[in-house]
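These notes are about the structure you will find just below.
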Amino acid sequence: MTLTASSSSRAVTNSPVVVALDYHNRDAAMAFIDKIDPRDCRLKVGKEMFTLFGPQFVRELQQRGFDIFLDLKFHDIPNTAAHAVAAAADLGVWMVNVHASGGARMMAAAREALVPFGKDAPLLIAVTVLTSMEASDLADLGVTLSPADYAERLAALTQKCGLDGVVCSAQEAVRFKQVFGQEFKLVTPGIRPQGSDAGDQRRIMTPEQALSAGVDYMVIGRPVTQSVDPAQTLKAINASLQRSA
């Protein structure tokens, strides 16, 4: 285990907002990042950007003060998933995720891989049902449960394996907080401020509604990244959340 030089320089934010960086152009991504403040949000780096630009891109974001959610959704045999999660922790990310459908042994191995990192370990979150999926999509896979019921089953398995929480839809958050408790973190994509286009997300909610539902961290993409004034958009979202708290 190595310590990242950037870990001590990152700003602390109390905002639940995580901005999804969905860029295929590095310069465009950095131009956006230069406009926002790490005190107003965290950043999510997904498969496309990580594949294009690698760990060094994450380090650059950390050096600018941002906490990083490394959204790679590891899903592999237990040993491979565990090594991947440990590599993410070594990079100094704030949060990393795996697919709950990888099963109990995989999730337990991932959790154990973070033990040596102690308090510096990232939050380990499991993906339940992707927010783009509907009942018909699950039926195609032979799953007869509704998206909500299947997500709850996977969330229960995630908690049993000792992970920190799950990625879920905002509609599932109320039920999940009741069933799994306040300490079980809920991370929700598909959050759109009032008036935003739904895009490719099927199960969406506004930031205020998500907060009220019990969401701990809300992932917001294009409404911020495509804003004419992203810094002001973030401040407006955070202000609305403070009023709703």
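A Cβ is built for glycine as well, from the same backbone N, Cα and C atoms used for every other residue.
Taken from Swiss-Prot, the feature substrate binding site applies to Asp22, Lys44, 71-80, Thr131, Arg192, Gln201, 221-222, supported by sequence analysis. Neighbour density for Gly221 (substrate binding site): within 10 A of its CB lie 21 other CB atoms from the protein chains shown. DSSP classifies Gly221 (substrate binding site) as coil under the three-state reduction.
In sequence order, Lys47, Asn97, Val98, His99, Val127 are the residues of the chain that are 6 or more apart from Lys73 (active site, proton donor) and have a CB within less than 8 Å of its CB. The annotation active site, proton donor is assigned in Swiss-Prot to Lys73 on the grounds of sequence analysis.
Within the same chain, the residues at least 6 positions away from Asp22 (substrate binding site) whose Cβ sits under 8 Å from its Cβ are Gly46, Glu48, Met49, Gly221, Arg222, Thr225, listed in sequence order. Asp22 (substrate binding site) falls within neither a helix nor a strand when secondary structure is assigned with DSSP, and so counts as coil.
The Cβ of Pro78 (substrate binding site) has Arg105, Met106, Ala108, Ala109, Ala110 as same-chain neighbours under 8 Å, each 6 or more residues away in sequence. Secondary structure at His75 (substrate binding site), as computed by DSSP, is coil.
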